[in-house]
Each structure stands twice: as structure tokens, then as C-alpha cells.
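Student: Just lifted these from TrEMBL, have a look:
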- 266-402: domain 'Palmitoyltransferase DHHC' (DOMAIN)
- 90-108: transmembrane segment (TRANSMEM)
- 114-130: transmembrane segment (TRANSMEM)
- 142-158: transmembrane segment (TRANSMEM)
- 170-187: transmembrane segment (TRANSMEM)
- 312-345: transmembrane segment (TRANSMEM)
- 365-393: transmembrane segment (TRANSMEM)
Amino acid sequence: MSTTTVNFFEAATEAERREAETRSLCCCEYIGQDKQPFHILGCCCNCEDCDLVCTRLITCKRIEQRNIDGMLIAFQDRLRLPWRGGAKRISLAALAPAIILPIMMGLAALNAKTAIIIMLTLMVFTYWGLQIAERTATKTSFFLSWIVFSVIYMALIFECEVPLLELLPIENNILLLLSLGAICLWYRIKKLAPLNLVTAQYGTTPKDELPGITEASSGEEQAEQQAHESIRLKGDTVLGIDGDDDDDDAAINSSEHAGLMQHAAQPNICDTCRKVTPRHAYHCAVCGSCVKRRSHHSYWLNCCIGENNYRLYLAALVLSECALLLGANLTLTAVCHPFLVVRLLSLPLLLPDDCSEVFEDFELGISFIVAGYAMLISCYIAFVLVRQLYLLWRGTTMHEYKRAPAHNGNRNRVWSNWRAILN
């Protein structure tokens, strides 16, 4: 029996053992780092590092860094939420937005100066955090949790604090449909993200060959055939020399044609994971795998946007933009003095006129802040949407454009690019 088969059976046995242990746990128990059952009520019990840190703190002795790290690791492992089949660990990065957002909104609702400072700080903090995550290729759930809690808080404040008597039922229903549609699309994008990853099929390949051959993505065979055909035509054009040329020129052109055909026949090999990948598949350092037709890694969704979820990504951006703009407009016209712009299909189109009195009442102030927060998010989404549409018009992806922005895209294929994404 080969070593691979033995490792496979050992992994399967270990998975079955863990599954059996999980089935025997109650909702408040979990398997700790020492592989022993533990209860969430004992979060501060049996922690030697915590006891040592507290003792040295009381006795004014030096606390070593390894004891602090051990205490923090133990607390993070014991921060759990009761769940069926065993308590689930709560990530500190996912929990932070639930605390930061209400504090930020509450402070911003005090007065106009505080609101401006909070919003500017939020934009700087977001840009700085995204730059750090992109530079270090960190896989974090902080930004996804930020979006989830932002939607929850905005929905709660809109339904509880905004004076709904100022809104028409049809306006509230349209906003609800747009919001639910956008949420369903984002959820679907997240679920389809694993299908973008290139999976290796390990089989009976010799040791001196590549470890895995991946399946081709949809349409790859047709694209490769078209590439071979174009190269063949190009080679025929190169070989179509005049009769006055000598045999040396013909030999050189023949070698160039052979080189082109050999380059087209070579498989795409990832420099990082050493897999044979489909065309337009690139490695994602955050996901740790190659992604089919990779556009970019979305830190807001904590997944890659690629072949299977790119169209849904564009649709979700459009619905989210419409929902945020509509929600912000309905909120501002409800808490401010509105004026009528035009009537469309017997529905009045209102815009806010005077919002100078919103900070005199906390409920109006928090509603105004949520509307401004929604407008900030809508501006960011509009920027992302316009950028993606521009790249679609150029016939390229975000990843390819960043690699070679001056040589990417083909402006003569505008309509074919749009037909490819809509079909």
C-alpha cells in the first residue's frame, strides 16, 4: 500500500473521530487546543499564562511576552458562541465591527463637526486597512463582518428611527426588494467562490512529472482552438514570402512559425503552486490557490471574484447602488425639509433641501448619519462598478490590467466583450 493511500486513510479516520466527538458535545462545549472537551463558562479557568500574568502584575514583576501571547491565544480560543454540535469560536476581527459601528454612529450623531471628523476618519481608516491587507495578503473576516453589521444597523435604524409616516408604502417595498435582492446576490457570490479555485486531480503520475493536472474551465477548449488557428494563420502569413527571397529567410520564418506553435502548445504552469492551470487562471496569495479567470480578491467578501461569480458580482453592485441611493434619499427627505422635483408615474421625486435642524434631536441625527454613511458606501460602490465596466469594455480583468495596464484590452472587441458577459 502506497504512502498516499495510508495518509488518506489516516486523515479519514481522524475526520471520523472528530465528527464523533462533535456529535457527543452539547451546545456549550467544544474541543480545546489540548484536544480535550471544554465548557464556555470556564473561559478563565485552567489558564496557566493568565494566572502567571495576573500574579506578576500584582507583585509588580516583569511579564514575559510569551506569557501574554499564550494568554491572548487561550482567550481567543475560548471566546465561543453556543451552537448545535458544539460551541463555535468567534473571531476577534469579526466581532470588532459590531462594537465599533454603533459607537461611531452614536458619536457622529452629536453634532455636525463630530460627524465630519468621524466620516473622514472612517474613510482614512478603511483605505489604510485595505492597503495593509492587500500588501500583506492577509485573509481576514474583518471587512466582511463590517459590511454585515453595517447592513444590520442601517436596516434597524431605518425601520425604527426614521419617521415612516413620511414614506409611501410602495417606496418602502421597493427599497426592501432591492435590499433583499442585493443580499441574496452577495450571498450567492460568496457560495460560488470555491468553484473558482483550481483543484488538482492527483493520480498515477510519475514522480518527475507535475503533481496535478487541472480541469479546464468552461470555454477553454474553444479558446485554445481559436488561438491555435490565429497562430497558424499568422505563421502562414509569415511563410508567404516572395519568390526572390533566398532559402535562409524561409528557414528563419519557418523556425519563427514553429516557435509560435510550440508556445501555444505549452500548458500554463503556475509559478507558485506548480499546477497546470487553465488559460486566464492566476494565483491568489490570499486564497492560496489559482483562480479561474481571476479578476481580483474582494476583501469585503473575503473571497475571489472569478469565472463563476463575476456576472453576479456586477449585478450585486448595481442592486446595492440602487438600494443605498434610494434608502439615503428616503431617509434624508424624511428627516429634512424636502422639495418636489418631478412626478414620475404619480410618484413624487423628492430631494432634501434644509437639514440644519437634524442634530437638535438624537433620533433625527442618527438617521441623518446613517443616510450619509449609505451615501459614502454608494460612492465607493459606484467607483468599483465604473472601474469594472471599464475593464469589461477593454476586454480584460483587474488582475491582468494591474500586471500590464499599457498592453491589455482590445478596443475593437467592445460588443463581443459585452455579449460574452451577458450570455
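In case you wondered, yes, glycine gets a Cβ from its N, Cα and C as well.
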Student: Go through the chain and flag residues at least 6 beyond the ends of the transmembrane segment (90-108) whose CB is under 8 A from any CB in it; none is fine as an answer.
Tutor: 76, 79-81, 114-115, 118-119, 122, 140-142, 144-146, 148-150, 153, 157, 366, 369-370, 373
Student: List, by number or range, the same-chain residues at least 6 past the transmembrane segment (142-158) whose CB is under 8 A from its CB atoms?
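Tutor: Same-chain residues near the transmembrane segment (142-158) but 6 or more away: 91, 93-98, 101-102, 105, 129-130, 133, 179, 183, 299-302, 327, 331, 366-367, 370, 373-374, 377.
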Student: Tally the residues of the domain 'Palmitoyltransferase DHHC' (266-402) by DSSP class, grouping H, G and I as helix, E and B as strand, and everything else as coil.
Tutor: 67 helix, 32 strand, 38 coil
